[in-house]
């Protein structure tokens, strides 16, 4: 705006400019996207792009406009995972509709991949996430164009599929959902294969080795209580233009039953920590060295009350004395055996499954609890006639006797008339009896 003021014998001219001091509001960042730009003043702009596998809906660039009210030049865009896509290049990501939210019902989605694999390398699919309704929502993979391709594989459920390779420079994926249950779906990476794919780390396990060139090896180990399904050691193999692990990478599962003979271990309900399956009958036998007893320590326990049970027996089978039957969330912190074997029987009915149980066991030497106990004799004397046996110390557990816990270790004596020697007993508060045969010099 130009204003002119006239003063006698003086001409002044003022130019007044308008400055925009108020910025636009922060528009935010759409889910599954990244934003370039940090300033929101008039004339500033922001650029948006989606994460791999998502498509941008709306303008990818917004500018802050001047005027009486500061606004952006377009609404904030959004990033969506669509039903089907056609992608090209040497790598990328395929997502089920709405991922990671649940996919829609009654959909058929076709994904077409065109790469530059051609002669030197094959195309590879690597699954990051997979969760569909078992037997009803199915993903199929075709080698080549759909109209002239070979069906390589089809999957449903929640088990993560193994990597898959093409023999052409194209792959076609078809995903069909029914009218009922929907789940989170899938996230799949595709790339040119020049090495073996990442074999992953099994759930409830550990992997050793990261190299994936032909000839490289990787080893696996399961966490305590889990069993390895497959081989612990796999090798990257190149066959013509194909790269793969031989044998397939293993998995770690909480098995149904087993025989345990080590000094310590873990017992898990099937599929732990996931809900155990219905209709299961699982038996575990624990047997340690004869001079030891067994301690069970309950770390976690959750079962369907009144229908699913864990029975624990003092012995090697269900004909042995029953220690207890446990259900619901009620279980002791610790159980100790009177001998060197225990039998555990888990039974689930045909309906509800819960998280189950995690139980540690340890062997426990009969005399180990005396390691910090130094018994003393207080002013007692004994007579004897003769002693022929070799002097020794005994440690025995007194079974099925409930004694009040003494304030201190108690002392008692006994004369054995048949052997003509005296015995002094030190009673330990954990129901052990320590016996010492006394020589004439000690009396």
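Yeah, the Cβs are placed from backbone N, Cα and C, and that goes for glycine too.
No curator has checked TrEMBL annotations; they are predicted automatically.
TrEMBL annotations:
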- 22-81: domain 'Sushi' (DOMAIN)
- 83-193: domain 'CUB' (DOMAIN)
- 194-254: domain 'Sushi' (DOMAIN)
- 256-364: domain 'CUB' (DOMAIN)
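DSSP places the residues of the domain 'Sushi' (194-254) in helix, strand and coil in these numbers: 0 helix, 28 strand, 33 coil. If you take every residue in the domain 'Sushi' (194-254) and average the pLDDT, you get 89. With helix defined as DSSP H, G or I and strand as E or B, the domain 'CUB' (256-364) counts 0 helix, 57 strand, 52 coil.
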